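These notes are about the structure you will find just below.
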Amino acid sequence: MELSSVLLTTGSSVGFFRLVNAGVGKLPLPQSACKNAWKWRNISTSFVHSFITAIWAVLCFFLHPRMAEDLIETHSVFSHALVSFSIGYFIYDLFDMVMNQKLTQSWELIFHHIVVITCFGLSVLSCRYVGFAVVALLVEINSVFLHLRQILRMANTATGTLYRVNSMINLGTYVVFRINTLAWMTRWLVLNRDNVPLVAYTLGSVGMAIMTVMNIVLFYRLLRTDFLKSSNRETKKEKEM
C-alpha cells in the first residue's frame, strides 16, 4: 500500500469509529450505565473494533499462510490494511480518552496506545513486520470477551450465567491469545535479533516489556475479581448454612 492509501485507510478508520460511538449513543442505555454514559459508549466501540479485528487477523493468516513463515517481509494488502485500520482505531480511542477522562484514570491505556501506534506506524510505513503486527492483533480475540465482560458489569448483570460463562472464556482466551502470544512474539524477536535493525529491535523489546507487565497485572485483577472473590463469597455462604 502507498502512503496515500495508508492515510486514507487510517483516516477512514478514525471516522468509522466516531460514527460507531455516535450510533451507540443513540441506542437505549441501561439504567445502571447512565452514571457513566461516556464509558459505555467507549467500551461498546472498543468491542466493535475487537470483533472486526479478531476475525480479520485470523483471515489474514488463513488467506495468506505464507506470511506465517516470514513475519518481516511477507504480507498481503489485506494484512497491511488491517494494521492501518487498527492504527485508526487506536488514534480515535486515544483522543477519546484524552478528551473525556482524567489522565490519572487512563494513563496506562494512553501509554499503551502510544506504544502500539508507534510500532504499527513503523510497520505500515516501512512495509516490514506487518506479519508480526498481525500476530499482535490476535490478542483482539480475547478483547472481544474482555470488553463484553465490562459491558455486562456496567449493565449490572455480573451475577448471571452469561457473565460466568464469559468470565471463563475470557480467562481461557487471555492465557492463549494474550500471554502465550506475547511470549511467542518475545521469543521470535530474540531468535531473529540478527535480522531486525537495532531501532526496531529496541522499540519492539521495550513494547513487549511494557505489554508483559500490563498483561500480568490485568490477569491478576481478572482472576481476583471474577474467581477469587466469588469463591470467597460462596465459602461464606456455606459456613452460614
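Along the chain as shown, the residues are counted starting at 1.
A Cβ is built for glycine as well, from the same backbone N, Cα and C atoms used for every other residue.
Quick look at what TrEMBL annotates:
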- 35-231: domain 'TLC' (DOMAIN)
- 46-65: transmembrane segment (TRANSMEM)
- 77-95: transmembrane segment (TRANSMEM)
- 110-139: transmembrane segment (TRANSMEM)
- 160-179: transmembrane segment (TRANSMEM)
- 199-223: transmembrane segment (TRANSMEM)
Distant-in-sequence neighbours of the transmembrane segment (199-223), which means Cβ under 8 A and at least six residues beyond its ends: 108, 111-112, 115-116, 118-119, 122, 128-129, 132, 149, 167, 170-171, 174, 178-179, 182, 185-186, 189, 193
Per-residue pLDDT averaged over the domain 'TLC' (35-231), given as an integer: 91
